[in-house]
Amino acid sequence: MYEWHWHIEWQTPYEFHGHAITKVIAEEKTPYQRALLVELARFGKALILDGKIQSTITDEFIYHEALVHPLLLSINNPEKILILGGGEGATLREVLKHKTIKNVTMVDIDPVVIDFAKKYLQEWHQGAFDNPKSKLVIEDGYKFIKETKEKFDAVVIDLTDPIKDSPSQMLYTKEFYEEVKRISKWGIVTQATSPSFSLETFSIIYNTIKHVFKKVSAGITYVPAFDGLWGFVYASDEVNPAEFSKEEINNRIKERIDGSLRFYDGETHITMFSIPKHIREVLEKENKISTRENPVAVPA
């Protein structure tokens, strides 16, 4: 008999991915979500929120490098960045690798997740919370965006999936992206769920952002712990990361990144934006828009 328990993550109402849990490190029900920190048999230490794996020690670098670097390397000398979500601190870690960064504000709604990260996820944040360039704000992201008078060079949106009636759901709407655009000089990037398990959700997020920004591109990559492709949407009125060549990206990494990258380089950049035809066709044909009245949601 196997001496472990199982974490069952539902991808759709009729499909799940099972992970063997060898150890429960910490667990807490917060006012916003159920937070669980575990050791998985295959992927090691992992953060799970509301039944969804957020990242694991084995492959978190794939997701976080893909989220951050295509946008920040495409803009000129980013200095002031806003992160929404990103409780593990790994998104903050990647932003701080850019030599031109002067300050980063990270806004997360749940202090329990931040405490989890500071105490247990040192491999993720690598001291980023204590960097003098970092500022942590515990607040609802939508509220912060509407009330702030600050302007940022770019906004990195690293939220949980738009689960129905969750705190994150309204942060995938046209109204929200319009508010984010108001405070962003160069543009935004958001995680956009999985084209493998929720292609309609991915395409609606993409189409919604297309109705707010002039230049919008979708990127994808495979994340093993998620058991499928993961999608990102990059948006700006000024630049399009998808238009940069392999050589341009490699040169910018050499000039502008302080520290090593394990996943992302010029060749990976080209691969991320080389989206299969069937997914491109869905993106091109999508006509639904996520609004506060009718917000998009993942199927499970």
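Every residue, even glycine, has its Cβ placed from backbone N, Cα and C.
Taken together, the residues of the domain 'PABS' (4-237) have an average pLDDT of 96. Taken from Swiss-Prot, the feature domain 'PABS' covers 4-237.
The Cβ neighbour count for D140 (S-methyl-5'-thioadenosine binding site), using a 10 Å radius over every protein chain in view, is 18. If you look up Swiss-Prot, you'll see Q33, D108, D140, G141, P167 marked as S-methyl-5'-thioadenosine binding site, on the strength of sequence analysis.
For the recorded site, E88 (spermidine binding site), the DSSP three-state label reads coil. Feature annotation from Swiss-Prot assigns spermidine binding site to H64, E88.
Secondary structure at D158 (active site, proton acceptor), taken from DSSP and collapsed to helix, strand or coil, is strand. Of all Cβ atoms in the protein chains displayed, 25 besides its own lie within 10 Å of the Cβ of D158 (active site, proton acceptor). Among the features that Swiss-Prot reports, active site, proton acceptor is placed at D158.
Within 8 A of the CB centroid of the S-methyl-5'-thioadenosine site residues Q33, D108, D140, G141, P167, the other residues of that chain are Y32, G85, I109, D110, L159, S168. Taking a C-beta cut-off of under 8 angstroms and a sequence separation of 6 or more, D108 (S-methyl-5'-thioadenosine binding site) has the following same-chain neighbours: L84, G85, G86, G87, I114, L136, V137, I138, G141.
Taking the C-alpha positions, the distance from P167 (S-methyl-5'-thioadenosine binding site) to H64 (spermidine binding site) comes to 21 Å. Comparing local CB density within 10 A for the binding-site residues G141, P167, the maximum falls on G141.
Recorded residues H64 (spermidine binding site) and Q33 (S-methyl-5'-thioadenosine binding site) have their alpha carbons 22 Å apart, per Cα-Cα distance.
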